[in-house]
Amino acid sequence: MVLDSESNTTNVVAPLLPPEEDRCSQHGSIYGAVFNISTTMVGAGIMSIPATMKVLGIIPGLVVIVLVALVTDITVEFMLRYTGSGKSITYAGMVGESFGPLGSLAVKICVIITNLGVLIVYLIILGDVLCGNESNGITHLGILQDWLGIHWWTSRAFALLTLALLIILPLVMLRRVDSLRFTSAISILLALVFVVICSSMSFYALWRGKTQSPRMLPDFSKVTVLDLFTTVPIFVTGFGFHVNVHPIRAELRKPGDMKWAVRISLIISVVIYFAIGFFGYLLFGDSIMADMLVNFDHSSNTPAGRYLNDIVRLSYALHLALVFPIMSFSLRANIDELLFSNKNRPPLALDSPRFVSLTLSLLALTYLVAVTIPNVWYFYQFLGSTTIVCLSFIFPASIILRDMHGISATKDQVIAIMMIVLAVGTSVIAIWTNLYSIADQS
């Protein structure tokens, strides 16, 4: 650890490995970084993209995707610049250099709330895919229930427990984020498989004349201007990989490669986002659900259609299971930093009892909450309007305005001010609109 005499803050230099292990640990490749970053962005949010196209229209939808990606690139560049100029290599430590212990604590709390919430949502979606759910009085059967019937071994509790023990647990026990590059590559491949299947079904439906004409612009007879702002948190959540910037950068042979890894990942994600949004909206039209996966559980009149539906749902379920360890990595690191940063303990990766107990506790907690809570989609939307906005835009812009290292140009500070104003304004409108919608429904 390094004590900064000017800010009187303690910054953790190596969150997992000690300095003498750095040379051995820094063998991550730019390809592994691209896979891990892309996997973080192409998570659960992709299934909500077609619903945003229904609200925004195709052209504004593409514009918003590109704009959020550009702003994401700018904020990550801010973070990398200040990480290179400062002494800390963690997100909380970087903010702590500028705003002291309170700033560092704010980052840790936001990361914990965000990642824990996202991981719970992942398991809930996995439970919906495998075991079904009930929405508005309509029962949607899961894949296991379709195949095997309704039994105790096809229940949500048993299916998620089996998935957690056989697939998720071995992956979350890995102690280096670069070790997940192969599973991240498979995750991206599964997302591409989903795009191919969805586009093929869309073209087939178009050929048979069963698709609606996609709406290019918003239809203000069905939506209001305020409704447009509710789509922004979905994109912000999707592109919000900032919590993994420092762990991935720390393991690269050349930290400077992180900038290119981020930009390549953003391009991949923009293409996947728009393809899924366009073809999903083209396929289902105005009947598209907030979670497009629900549209795929309707019965098909042909065996081929039913097989395609099952393939789509299974590939997406496996995709989420492979995204889970990436988000769990930064959650575990921040909780450990919050609890043990001021104590004379070895790094987390080298302290097996601490590492194993923390990993098992987090997995057990997310499992129990996912089994108990049936639906957290509104919670997921609020994450995109609160903690994720802080981590993705407000904190990076704030360190530019604080400029502890004297490296911010006037242009950077103008961009930072605009970013904070837009982030806060958009979030307030989105939260107010969601609250009004909930109150109106009740």
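Just so it is clear, glycine is given a Cβ too, placed from its N, Cα and C backbone atoms.
A TrEMBL annotation is a machine prediction, not a hand-curated record.
Annotation comment: TrEMBL describes 28-428 as domain 'Amino acid transporter transmembrane'. What TrEMBL lists as transmembrane segment is 30-49, 55-80, 101-125, 157-174, 186-207, 227-248, 260-284, 316-335, 355-373, 379-401, 413-432.
Below 8 A, the CB atoms of the transmembrane segment (260-284) and the transmembrane segment (101-125) form no more than two pairs separated by six or more positions in the chain, fewer than 3 in all. Two recorded stretches are said to be in contact when at least 3 C-beta pairs lie under 8 angstroms, sequence spacing 6 or more; the transmembrane segment (355-373) and the transmembrane segment (316-335) meet this definition.
Proximity of distant same-chain residues to the transmembrane segment (186-207), defined by a Cβ-Cβ separation under 8 Å and at least 6 residues beyond the stretch ends, is recorded for 35, 38-39, 42, 46, 268, 272, 275-276, 279-280, 282-283, 308, 311-312, 315-316, 318-319, 322-323. A contact links the transmembrane segment (30-49) to the transmembrane segment (316-335), because at least 3 Cβ pairs that are 6 or more residues apart lie under 8 A. Long-range neighbours of the transmembrane segment (316-335) within the same chain, counting only residues 6 or more positions beyond its ends whose Cβ lies under 8 Å from a Cβ of the stretch, are 15-16, 36, 39-40, 42-44, 47, 90, 92, 107-108, 111-112, 115-116, 118-119, 122-123, 125-126, 129-130, 143, 163, 167-168, 171-172, 174, 177, 180, 183-184, 186-187, 190-191, 194, 243-244, 247, 293, 348, 358-359, 362-363. Take the transmembrane segment (227-248) and the stretches 55-80, 157-174, 413-432: counting Cβ pairs under 8 Å, 55-80 has the most.
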